[in-house]
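Scroll down for the structure; my scribbles are underneath it.
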């Protein structure tokens, strides 16, 4: 039982919850049955989908709840949160949201309850997708607190598994639900709820760490890459050749075995002696020293910035900082244009006359590229910070600059452009989801991190609405002239993606400004790390 009270088991439990919490990514599976049973037109279905995006990204309440649930139970001598508070409170509320929202949607689709008005269905969808923010907040913030020295890697793992969760849930759908979307909605109500309720007591925050933290985090990283590679192979096989029902069962069993591997990593890590203890409320990412500079004199304004950033700021205090708005603006450009790409990738493929098999492969593989970005950016940013001293906003700027190239490739319309462009945009889009929370913790502190990074995450649906509805949708409707308001040819989306390339480049410039504004802070972070070793 002692092994169960370790941060490695907490990490494994969080990974399992993350694997089931991305139900919002599977909307395309059941959107058709929702549309037909509720007699929606496309505009009404899109409205319901907007509330899904808002619910999955607007996690301010979950952040506030996390802060409240843990504020009176900060790390004690026992090494973990005690009493009634802790991350499990947030997970429990998320489970309630998940079951209530998806159960009511399922009841509406199957006729168990009367056809609800559209605003009420939007509320059901918002409630269901809000569960993702509760699961995500509890798992990500507790991981950062448990692995303060390697917050980027920890966040990358958590966000990476969330990115894979859509593909994992679709494997469940194809095996358990036998192609029945209504049953899948019930599965979404039950599976994440039961899983989170079963393992949430294991998700705690601990103040101890070992000299081999990085080694075991690398082990978890290797497991995540193996699972991603396995899912990619299965997706390609299914979309290319098709698999029988018994083959689906075999692939699902193999997937579940792979998902048990984090527990083996936790068991191995538990055997390592505890050789280092982090003092209460200490995080080398937050408590930057009031260090004196040697041979490099910062300006007075820089000194004032560092003094403010070295504290645990709440949301209102953080919003008074220019760095908050620079980060928010960069995320509108990066997350918004990336989400708009996946939202329209099917229509882009159809306009370029890709086959349905090719389009399905592109949609399914997006989760893999998304994962690689989330995991890779977290891991790489830690490595570059530790070994080279490079601030994380520099990597954010690099990924936004690369995303610019991806949008231009999609706009070009050359043969196979969507394959190359979707990989580049998918990886760069996913990277924002691991870089942003980690940078948030470094600039504004861990104590209110959940509230602050969930507020910044609202940039994703805002950007998606601007670029999907007001840009891509508007230009497509103006360009379309075929039967059924359709458009074929590279010109259908060219202008939209040239504009989005410009937006991504603007995000690159904003992230570059953030890099120069915070590089002194990151020098202090690195000095603090070296001082405590």
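Backbone N, Cα and C define each Cβ position, glycine as well.
Automated prediction, rather than curation, is the source of TrEMBL annotations.
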If TrEMBL is the reference, give me the range from 301-321, 322-342 marked as transmembrane segment.
322-342
Transmembrane segment according to TrEMBL, located in which of 81-105, 106-130:
81-105
30-49, 50-69 - the range that TrEMBL marks as transmembrane segment:
50-69
Which one of 243-266, 267-290 shows up in TrEMBL as transmembrane segment?
243-266
Within-chain partners of the transmembrane segment (362-381) [C-beta distance under 8 Å, separation at least 6 from its ends]:
25, 28, 152-157, 159-164, 166-167, 170, 221, 224-225, 228, 231-232, 235-236, 239, 342, 345-346, 349, 354, 392, 395, 399, 418-419, 422-423, 426-435, 438
Would you report the average pLDDT that the model assigns to the domain 'Nodulin-like' (7-266)?
88
